[in-house]
Amino acid sequence: EMVKGECISVLEPCRGSLLPLSGRRIPTLSPGAASFPHHRATLRLSEKFILLLILSAFITLCFGAFFFLPDNSKHKLSHSAPSPPDHKPQRGRDLMEEEESLRDKIRVDHERALQEAKEKLRKSRDELRAEIQTEKSKVVEDLKKKKEVPKPLPPVPMPKVVGVNDGDPVEPDVKEKRDKIREMMKHAWDSYRQYGWGHNELKPLAKKGHSTNIFGNSQMGATIVDALDSLYMMGLHDEFKDGQEWIEQNLDFSVNAEVSVFEVNIRFIGGLLAAYYLSGQEVFKVKAVQLAEKLLPAFNTPTGIPWAMVNLKSGVGRNWGWASAGSSILAEFGTLHMEFVHLTYLTGNPAYYQKVMHIRKLLAKMDRPNGLYPNYLNPRTGRWGQHHTSVGGLGDSFYEYLLKAWLMSDKTDTEARKTYDDAIEAIERHLIRKSNGGLTFIGEWKNGHLERKMGHLTCFAGGMFALGADGSPDAKAGHYLQLGAEIAHTCHESYDRTVLKLGPEAFKFDSGLEAVAVRQNEKYYILRPEVIETYWYMWRFTHDPKYRQWGWEAAQAIDKYCRVSGGFSGVKDVYSSNPTYDDVQQSFFLAETLKYLYLLFSSDDLMPLESWVFNTEAHPLPVLHLANLTLPGSQAQR
Ligand code: DMJ
């Protein structure tokens, strides 16, 4: 009788057999089998006979299997031996051989993996941890090596680079002022070097790094890149070298950061390209191109109007939450032209040029309310958002880049010039007015209504009108130069009517108030450049000494009220004699404000305007003589 759970079979492995790691089962004696001899005595003869029969059948089976089943090793040998002509065709045999060797390889790999796994299991936690760490660092190293190999760029002729080392003023008092500006630059740079190095910006009071959402959560050394060309022009070569070294070793764009396409373009790409043209150092060009490639996914929208922001790692783009109906911003997607044309020139890649020309073509086809360009355009539908028009924030540099596209093309891009002229005409008709006190101002157009308010940002337009005077239609050069002078005067008034002699963020021309801020949250000054920028252009075109005088007043006020031991800070209220600081040293203070001041106290042979065009962040790019060269992709566009 069988006891439940007992094992009597010698053919079938019993429960409880050992299962080795290889997966094959080795039959063992079960407790039942161990008790077999005890039962034997009680078996009858017939039963013994049956048992014997079974045993002999089993032995026969084993014998048969041994001799008649195909021998794998022989099989293998037969493949390597020459085959008779009537055998399978050679190709079939090759395939079988391949299959066989693949199987062998898989088996060897499996065995190796098994062996490694066994060894790993024997290791202690710490040993494993150390091993993981070593492997990780190896991967990082390999990645770095891969990144370091710069993509070869086609050799292109270097455009004429003139006037980068000149500018010494002859007058001693002017020279003294210029030296003072250089000293301010050094203080701003040294403070950032000491307390904020590698961060985007500096908190000069807290004496640590600072960043805002325009740079995502990155640490991309925005101040270094933005300041490079100013350092170069000012002859601060050790500082320039220091910045270059940081860029070579640390500037990396494979970061998971959602950045503003516009800001990265004007500060980083503009800054790197200018540093390249001034110094001739290839690294700047290579970095500019690497970064530009990361911006391209922002253009993957239904209309080709780019998103405001893009994640540098994933390439996913989106718009600012505050922008009207999911719109992109005119001053953002309209301020890419200069840098992108240079990128196509330097790389031979038509994509950059085509992207910006596509934007231009799309805008040209659209209806414009009263001939004005609204600040908002939806990149999904291609329709305008709210009908707000501004020459200040949200609109400003779109107009600037139309004019500068024409100048940068050696005045061959007449389409850009015409678009600029038409836009400026509509602006003059609808937005520019004279106050009761005789101040010319540029207001903001909101749904068919003129708001009599002007932003500090709008003050750049004085310089733009002066720069565009030459070449304007109907011989109106004098008119536009005059308009530039009037805007410069109004903006100077906005400075002069404060306690600190620094301009507020926005000022009104309403109910008896002229060129002064009314709301508390418009009284701040954050080291912005626009007013000084206009003084410089006006100085270059008129040489009226009042512009140097006004520039010097501003420089002194900045040094007096914004300078702290850890750098320069913005102030929260320019009407208060006891202002509080905002504790930010903006990167554009080094890129623009101090550069325009330095240029103002230099002679005109430093960066002559016939050869250089400054981008909206004051980064100079050389004029490209497009009459003598064809940009890749430009033919297809025409
Ligand atoms: C700069 O980043 C650029 O000039 C931009 O066009 C708008 N304004 C800031 C400085 O105020």
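Cβ from N, Cα, C; glycine included.
In the disulfide annotation of TrEMBL, Cys491 is paired with Cys459 out of the candidates Cys459, Cys562. Of all the recorded positions listed here (Asp396, Glu530, Thr616), Glu530 has the Cα closest to the Cα of Cys459 (disulfide bond).
Taking a Cβ distance under 6 Å to any atom of ligand 1 as the criterion, the recorded positions Glu263, Cys459, Cys491, Glu505, Thr616 reduce to Thr616. Calculated from their C-alpha atoms, the gap between Glu530 (active site) and Cys491 (disulfide bond) amounts to 9 Å.
Per Cα geometry, Asp396 is the residue among the recorded positions Glu263, Asp396, Thr616 nearest to Glu505 (active site, proton donor). A Cα-Cα distance of 16 Å separates Cys491 (disulfide bond) from Asp396 (active site).
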